[in-house]
């Protein structure tokens, strides 16, 4: 409750998500408990244990804010659309499984979040299942899903589904109070202490040997909380079509944890379950976080006795209802239809979250996405261009089947920047294209190949390895009696080629503004049979 009061106020002022509901998360809570528990026993020394939790939260806040100040928010760009879909579905599945404890009225439950551990925990305790709790839970779940369906069919009655969770809490509490269901296996919240957060700045522990533990715990849990919070925020931003500022989010998370550690709060982020409830309630702006914080403040001051009889199974039903709406199987089917690799990324994120943990699922999905990015860079597309009839336009011969080739000229397009990672591959591809073209011309008895034009329009930049590759290609072409010609290189590419003196080696007259002009120059040389310097449009590039 303390962590649901101060941190949301800080985030509402500094964060960029309109839907994120700030609070504690299960993964970070379990990690904090296990890492601190290895050093301090919570039962034997509860005060030190609590102070270490505050200190770890303070360290996590400093770390998160530092990442934002250093402008490292670009890391959120590695969470692709497919990754987010898989992460959301996996997180929703995990949260639903965790609610089985409340639905079935179990007293003991696994701390693990993976599917196997949860199912083992559920089915090894069948003798402890409470039918009263299950009936109550599924009854309220049916009520919540029915109100949501009604509101979707009748949008003007949106308030019906928005009021359903609060109505469930009130009805559940009244039902337990009137029937004394807590005596028949239905778990309730119980007594809650009144009063607002106390200041805890003086409780932070900065002495050995506990400081090392606090730093390690803070950094690890801080990274996980940051990744989950940004992923959740970006997920809902994607649904509502607005932008999340990664750097701003990092600074907001860091600040709220620094302030929270000084006001009796432990690590907070944007929990998926709470944000989903917020989203399904119809929130529009970050003011919902302020309203939530004020509601928690009133609760802490006045209303804690009223929640004594609130059944935990009702809270589980509310969370399950919210999670079911976020299992977007239609989006997964769409990914399969459009891009199989994106579908693999999506299912990897889902499987990682469900069968391992949230952080492992994110790591797997991001790793696969980065691998795909590396493959794009290391294996760029190259293709032959042909002339579209009655025009000066040259396009991919595989895409435009009516294109015609130019006798004696091979036109190749490189569809990516040239780096050290792909320069060797491009050298081999160019040589293979030339070999294939020469073999085809020999077999057909047509004019022998004399010119190779490289269309550099898609080459945004080039490094020294790329320049060396071009020099090697030119030497190979010279040995084979072929002339290398370049068309449409960009300004940055021209600057580097000029500094490397490659332009002098190839000859300024063999660099042209367009493929069409390069073809005209080659055709002119073929017909005059006297290769010599041409100084047409290359003057424009000399100025660059």
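Every residue, even glycine, has its Cβ placed from backbone N, Cα and C.
Remember, TrEMBL labels are computer predictions, not curated facts.
For the ranges 182-204, 251-273, 389-411, the feature annotated in TrEMBL as transmembrane segment maps to 251-273. Looking at 349-375, 430-456, the stretch flagged in TrEMBL as transmembrane segment turns out to be 349-375.
Contact between the transmembrane segment (48-70) and the transmembrane segment (20-42) is supported: at least 3 Cβ pairs lie under 8 Å, counting only residues 6 or more apart in sequence.
Across 82-100, 219-239, 251-273, 310-329, the stretch most heavily in contact with the transmembrane segment (349-375), judged by Cβ pairs under 8 Å, is 82-100. The highest tally of CB pairs under 8 A with the transmembrane segment (82-100), across 20-42, 157-178, 251-273, is held by 251-273.
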